[in-house]
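**Q** Okay, so Swiss-Prot annotates it like this:
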type	residues	note
BINDING	GLY62, GLY63, LEU64, GLY65, GLN66, LEU67, ASP88, ILE89, ARG90, ASN106, ILE107, TYR195, LYS199, ILE225	NAD(+) binding site
ACT_SITE	TYR195	active site, proton donor/acceptor
Amino acid sequence: MLFLGMLKQVVNGTAQSKASSCRKLVLPLKFLGTSQHRIPADANFHSTSISEAEPPRVLITGGLGQLGVGLANLLRKRFGKDNVILSDIRKPPAHVFHSGPFVYANILDYKSLREIVVNHRISWLFHYSALLSAVGEANVSLARDVNITGLHNVLDVAAEYNVRLFVPSTIGAFGPTSPRNPAPDLCIQRPRTIYGVSKVHTELMGEYYYYRYGLDFRCLRYPGIISADSQPGGGTTDYAVQIFHAAAKNGTFECNLEAGTRLPMMYISDCLRATLEVMEAPAERLSMRTYNISAMSFTPEELAQALRKHAPDFQITYCVDPLRQAIAESWPMILDDSNARKDWGWKHDFDLPELVATMLNFHGVSTRVAQVN
């Protein structure tokens, strides 16, 4: 009935426009939208497109997670501090607050999100607000709200104001029936977590908005991301970050995945660079909306062996979490990212040896071992 009522408004509005000839006809069905707060059927849509010489005005949602602050730093070096606005619903630490513009942004508040985009003349939006795999399974209702309803709000605002939109996807978008070694860009996807389901929804909705409304939607399927200066956010690949904190603290680590569980991984600087590169890529070079990207693939035992080359006394034990193990076994072991490398020149810098050396150096482990020896 809601759709029929809105369709009636469209028909009536068309008739009135023909009769009066006083304004340009707007086709409101184009942006009926998917969010709870639908865009009015008689809305006029404005372009915030910028000249080639003008840097983009950037908004990052969910900016206090594992990737947001690092991405903001990278983009501010590229486009200027004042052109990149970090946002979240949490209070930022002092060093983040003073590093550049920060605003409160609740992606479930459609009106507020719209105001931020308009008031700050946003032309690029990086949507990082999401509950990750393990946390999402413990909070399915909240994950559904944040990962799906929040996405709908972002899609509608981006489409209305002609904003180039990036939303990350994940290895979690694949499922146990997907090819695992390797997983191509296009294959069957039947994930068994709310996080994975929401990311498949993201990929398909973004592609739909691209073809239906012309939204410049871009998406990368991230592998497990390893970062030195941020805490893991509740994902199944978190062990690959936690192991370095443990090595620095006491030289031992208890892993919640089995020793031979192979998953694709990437160092954070490669991840952030790939994100910027795909956003800057000319539209004509992109053959698809969602790309796999990858750098390396390893097991917990292989990571521990690489770590022992720097800290020979490091010890790893295993206490497997059945939930996380089941999730990991449903994910690809290797991602095929040949399309990203071919279309827009993706190339990673960090393999496992470089990753381990960088992480240990950040935590001071390599320095301490060198002094002891």
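Placement of Cβ uses the backbone N, Cα and C atoms for every residue, glycine included.
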**Q** Of all the Cα pairs drawn from GLY62, GLY63, LEU64, GLY65, GLN66, LEU67, ASP88, ILE89, ARG90, ASN106, ILE107, TYR195, LYS199, ILE225, the residues the record ties to NAD(+), which distance is largest, in Å?
**A** 25
**Q** With every protein chain in view, what's the tally of Cβ atoms within 10 Å of the Cβ of ASP88 (NAD(+) binding site), excluding that atom itself?
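**A** Result for ASP88 (NAD(+) binding site): 23 neighbouring Cβ atoms inside 10 Å.
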**Q** If one looks at the chain holding the residue listed as 'active site, proton donor/acceptor', which residues at least 6 apart in sequence have a CB under 8 angstroms from its CB?
**A** ALA130, LEU131, LEU132, SER133, GLY136, GLU137, ALA143, ASN147, THR170, GLY172
**Q** Let me know the DSSP-derived helix, strand or coil state of ASP88 (NAD(+) binding site), please.
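**A** Reduced to three states, the DSSP call for ASP88 (NAD(+) binding site) is strand.
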**Q** Rank the binding-site residues LEU64, ILE107 by the number of other Cβ atoms within 10 Å of each Cβ, and give the residue at the low end.
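**A** Each of the binding-site residues LEU64, ILE107 was scored; lowest Cβ tally within 10 Å is LEU64.
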**Q** When neighbour density is defined as the number of other C-beta atoms within 10 angstroms of a residue's C-beta, which of the binding-site residues ARG90, LYS199 has the lowest density?
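**A** Taking ARG90, LYS199 as the binding-site residues, the minimal 10 Å Cβ count falls on ARG90.
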**Q** Reduced to three states, what secondary structure does DSSP give ILE107 (NAD(+) binding site)?
**A** coil
**Q** Once the chains shown are all counted, how many other Cβ atoms turn up within 10 Å of the Cβ of GLY62 (NAD(+) binding site)?
**A** 25
**Q** Which state, by DSSP, holds GLY62 (NAD(+) binding site): helix, strand or coil?
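**A** The residue in question, GLY62 (NAD(+) binding site), is coil (DSSP, three-state).
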